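Peer 1: Structure incoming, see below.
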Amino acid sequence: MWIRPDWIYTDLHPILFSSSKSKAEMKPSRPQATKTADSAMEKFKTFSYSTSFLKSRLFSSSTHLKKRPPTSHCRNEVPLKLGTSLDMPSVADKTSIDKFLNEKCRSGNVSPDEAHYVFDCMIQRQPTPPMSSFNKLFTALVKNKHYDDVISLFKRFNSTGLLPDLITFNILLNCLCNVSRACDGFAVLGTILRRSFFPDIVTFNSLIKGLCREGRITKVTCLFKKMKAFGCRPDVVTYGTIINGLCRTRNTSLALKLHEEMVKGNGETGAICKPSIVSYSALIDGLCKDGLLEKAKELFSEMTDRGINPNVFSYTSLIHGLGCWGKWEEAICVIVEMMDQHVQADVVTYNVIIDELCKKRNFVKAYELLELMDQRGVKPDTITYNTLIDRICKNGKIDKANELLEIMIQRGVNPDTVTYNTLIDGFCKNGKIDKANELLELMIQRGVNPDIFTYNTLIDELCKNGKIDKAIELLELMSQIGVNPNTVTYNTLIDGFCLAGRIDDARELFVAMKNKGCRHDFFSYSIMINGYCKNRKLEEAMSVFSEMISVGVTPDATTYTTMLRGFFQAGMSTHAKKMFGDMRLNNVEPDEYTYNILIDGLCKNGCVSKAIDVFHTLKKGKLDLSIETYNCFLHGLCKTGRLEFACKLFHKFAQEGLLPNVITYNIIINGFCKEGQLKEANDLLSNMEEKGFAPNVITYNTLMHGFLHNDEATKVVELLHVMAERNIMPDASTASIIINLLLKDEKYCGCILTWQSVRLSSWKYCCSDVNG
């Protein structure tokens, strides 16, 4: 005799047998729902970003819920019409009920309305049909995955006083586990024990499947070990379910151990069943996802050696694994073998191959494979098109991706939220916000609800284009239609306000964000600190920085660098040096950009000796300094009159193995010009060209300013002609030089004709800039 373990619930959960109102009865009435939608619609009309069509569609979806007419509980009273193919009056007699159960239920072609009607007839019959008849009806619903209907009917069944048998309980338990209610499944197990039934392998397999579905692997292991206490030995389904669950939760090593127990027929469980195609396929899939391809191939060979023919799932898992890990040639061999073994590829197989082709940008072959699917009778699904659309968008061909959406709809494949989000994101990244808006309208027109990603993408693009007020309207719309903004939404809007110079509005939203239940993250604080620093509000920036640390959000090198730059720009070098010290004290390692800001800031704030110390410390630390760091240091030296030191450092570049760039030459040329050493500056220009560095407009402007200041107008004209010959676009500074040249002597007006012949439009632009 076995004893019921303590760990099993002994009472059924109240929800299974309560006489409370059904879900349909608990729903708000249609007038209430309509009133809510109408109220939201009035607010929605203020949103000018979307069209009126978009507005109406968004709210129409909130009132489409249908309620099943309540079934009768009174004797001799049956619903007359449910709109099904069933001849309702004729089923009331015993023969018709039996015919329905034996023919229609066996085929599984039973709608929920038919099942409820027949159930009413059955419980009103005298005598009541046997329990096997009810089980047939419930099983037919399970075949069509109408799990909630089975649970609902069981509650009514129980309230009539009828006694379920073990099969009925197993059906109920299976339904509960399939809707992720394994806890209620254990309550049913408790009732099975309380009513002196012996739970069988079906009972335990259903519970194990439910726990695996919920990812509760520890509970699965516990239940698996305790099956023997009930005299139940795990079968091939048990092992297959557990192995599949372990692999789905990335516990592949445990799944492999269990598989080995099956193969050897020993171990703690005393396994006597052999692995099946299900367990092999699950393991191969799990091993491939973990990158253990050799072990996956070994298991694949073991499976075929044991006389188990691989199925489409086995082949697809191996193909996908090999493709993901760059072994495409081996994947092709598996595809060929699959065809040789006459295993018909399914939509998942084609999706895997299409994805790999798209990754290699072989879109022509991917399109050919899409057509081949139709020829082979395999209908492409949403994932097929989503894969193609995503890869095409990432390749920058957004219009081609949009054409594919049209093809998808024409072929009867319904796009989902992912499809539209991918295209909306693609249009936004290509600066086509109007197209993105049109797609949002189409999305809602087709009954696909936008999610948080949809709105965040649109808000981000609006903020980048300076349309912050439109973005705020979209935020308000989100709240009205029940899509809650998240931290990313608020961070994007706060950054948008900062970019627009509306720092007070950014602060207001920063505070409101917390009040609405969205916690500030690292980016929230960093955006506010950067915004305050750019607006020279260092006290406020420091306040946010302190708050960031106090709530346990750790600043990184970028945050500290932002504060450093802000202090230096405000001339607060003492505060900057203290901030840098705090950074080191808090074990935040400065990066190259931090040192660039530090050196540049020290030089510009008259702390050149300190900048030199930092530079030498960096060199002694054998840190690989980039040309950008050297440029910052050279600029600081030249600006503080240390040209000779800068030149020495510049000439050592070759020894350091460092290659200067145009900016480097411009810094030294500017230094020579400021010191009046125009010959050296001009020689450096020639040296620059000899070494293959093309001077830019800044180079010529710097030299021309120097020559003009030194009253060498002829040299200025020569350089202007060189710029014209080399087709170098002038800027406002160039125009200013020409005007100053004309003010000195009108005879140089000929240089204007030179510019008109080469860059008339550019000259007009420069003049308009100067005059404006």
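Glycine too: its Cβ is placed from the backbone N, Cα and C atoms.
Residues or ranges marked as repeat 'PPR' by TrEMBL: 130-164, 200-234, 235-269, 311-345, 346-380, 381-415, 416-450, 521-555, 556-590, 626-660, 661-695, 696-730 (among others).
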Peer 1: Just to confirm my parser: what is the rounded mean pLDDT across the repeat 'PPR' (311-345)?
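Peer 2: 83, rounded to a whole number.
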Peer 1: Using DSSP, what's the helix, strand and coil tally for the repeat 'PPR' (416-450)?
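Peer 2: Here the numbers are 26 helix, 0 strand, 9 coil.
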Peer 1: Looking only at the repeat 'PPR' (696-730), what are its DSSP counts of helix, strand and coil residues?
Peer 2: 26 helix, 0 strand, 9 coil
Peer 1: Please indicate, using numbers and ranges, the residues of the same chain that are 6 or more beyond the repeat 'PPR' (521-555) and have a C-beta under 8 Å from a C-beta there.
Peer 2: 487, 490-491, 494-495, 497-498, 501, 503, 506-507, 510, 513, 562-563, 565-567, 569-570, 572, 575, 586, 588
